[in-house]
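I have placed the structure first, in the form of structure tokens, so that the comments after it can refer back to it.
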Amino acid sequence: MSKRSWWAGSRKPPREMLKLSGSDSSQSMNGLEVAPPGLITNFSLATAEQCGQETPLENMLFASFYLLDFILALVGNTLALWLFIRDHKSGTPANVFLMHLAVADLSCVLVLPTRLVYHFSGNHWPFGEIACRLTGFLFYLNMYASIYFLTCISADRFLAIVHPVKSLKLRRPLYAHLACAFLWVVVAVAMAPLLVSPQTVQTNHTVVCLQLYREKASHHALVSLAVAFTFPFITTVTCYLLIIRSLRQGLRVEKRLKTKAVRMIAIVLAIFLVCFVPYHVNRSVYVLHYRSHGASCATQRILALANRITSCLTSLNGALDPIMYFFVAEKFRHALCNLLCGKRLKGPPPSFEGKTNESSLSAKSEL
């Protein structure tokens, strides 16, 4: 049987039903305990073994990537969260969204060491069934929570710049906290099936941790892609296009603030394009492929490798978000430089959000 990668990107056809847990399994075949035959797809174990193996070089590269990602993301998001909490008195919507974004990143960063061990061990999962489920749950929780928090930041910027006066009552810290709480609940409930479905299989002395959607090869998977990614992505792009159009139409905003607005747009969209778009495009192709069947071994190998690479890019989000904080949140940048350099930067007192008024169009906010 293939020792294929466990994380969400390197999924096989719906074989998450396969499970080896001692006496819990109902059958045994060639040393592999499996679930009842009705739960297994027509993709044979032999085909998976031939087409989906990872090489030692791939394991080393993936492990090295996750090690670097873990260090950068842990340091960056821990520092960011500390600064945001310390500055909680600012009470701005953007501060609230950024703080929750840092929490989402940390929820995934803390389980990255399990991936390191998995790859350094040659695709062997030594942590057990529960840890396997929890790792996949936190992976998806971080990814989709991050996507929606970035969308909230985009919508908040749109209201602050394009409708500064009309949005005063709507853009309140309390509403931002409620929106974040709602998103946490929705994403956690959506990912909850990963906590209750079997996720490990064993062949000989090697345990593989699989993280799959049960509906991976069904219409439900495509609906999930549309709701969980396409909608927030289109919303984010639309908000920023409207912001750019308003700035180009001559709104009374200082040149410096216009530059900051454009910079934030570029960084957020870059995070989407680098971290999330490749993964979801590849996953769409993967879902459609396993609905059609009949692909060659070479095609299956390419799809599996693409899944692993795009999953790495998704995890990179945790390391890129602190860079976004540094370039788009002036107060974060000043606080970080003061902390690291031991001296204050020159310039006006920084703030995540200034006062909103009709002449400035609230452009002095979190940009």
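Each Cβ is built from the backbone N, Cα and C atoms, and glycine gets one as well.
Residues or ranges marked as topological domain 'Extracellular' by Swiss-Prot on the basis of sequence analysis: 1-64 (among others).
Residues or ranges marked as region 'Disordered' in Swiss-Prot: 1-28.
What Swiss-Prot records for Asn42 (among others) is N-linked glycosylation site.
Annotated transmembrane segment per Swiss-Prot: 65-85 (among others), in sequence order.
Summarising the annotation, Swiss-Prot assigns topological domain 'Cytoplasmic' to 86-92 (among others).
Here the transmembrane segment (93-113) has Cβ contacts under 8 Å with residues 66, 69-70, 73-74, 77-78, 80-81, 84-85, 87, 134-135, 138-139, 141-143, 145-146, 149-150, 152-153, 156-157, 171-173, 175-177, 180, 183-184, 315, 317-318, 321-322, 325, 329, 332, 352-353, 365-366 of the same chain, all six or more residues outside its ends. Look at Swiss-Prot and you will find 93-113 (among others) tagged as transmembrane segment, backed by sequence analysis.
Taken from Swiss-Prot, the feature topological domain 'Extracellular' covers 114-133 (among others), and the record attributes it to sequence analysis.
According to DSSP, Cys132 (disulfide bond) sits within a helical segment. Per Swiss-Prot, the feature disulfide bond maps to Cys132-Cys209.
Positions annotated as transmembrane segment by Swiss-Prot, on the basis of sequence analysis: 134-154 (among others).
Per Swiss-Prot, topological domain 'Cytoplasmic' is recorded for 155-175 (among others), and the stated evidence type is sequence analysis. Within the model, the topological domain 'Cytoplasmic' (155-175) carries an average pLDDT of 86.
Sequence annotations record features per position, and here Swiss-Prot assigns transmembrane segment to 176-196 (among others) based on sequence analysis.
Taken from Swiss-Prot, the feature topological domain 'Extracellular' applies to 197-223 (among others).
Look at Swiss-Prot and you will find Asn204 (among others) tagged as N-linked glycosylation site.
Look at Swiss-Prot and you will find 224-244 (among others) tagged as transmembrane segment, backed by sequence analysis. Cβ atoms under 8 Å from those of the transmembrane segment (224-244) belong to residues 144, 147-148, 150-151, 154-155, 157-158, 161-162, 190, 213, 215, 261-262, 265, 268-269, 272, 276-277, 280, 283-284, 287 of the same chain, restricted to positions at least 6 beyond its ends.
The feature topological domain 'Cytoplasmic' is assigned by Swiss-Prot to 245-260 (among others), with sequence analysis given as support.
Swiss-Prot lists 261-281 (among others) with the feature transmembrane segment, giving sequence analysis as the kind of evidence. Beyond its flanks by at least six residues, the transmembrane segment (261-281) meets 9, 143, 147, 150, 153-154, 157, 161, 225, 229-230, 233, 236-237, 240, 243-244, 247, 253, 309-311, 313-314, 316-317, 320-321, 323-324, 327-328, 363, 367 of its own chain at Cβ-Cβ distances under 8 Å.
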So how many of the residues in the topological domain 'Cytoplasmic' (155-175) end up helix, strand or coil by DSSP?
11 helix, 0 strand, 10 coil
Local Cβ density at Cys132 (disulfide bond) - other Cβ atoms counted within 10 Å:
23
Let me know the most crowded of the recorded positions, choosing from Cys209, Asn282 and counting other Cβ atoms within 10 Å.
Cys209
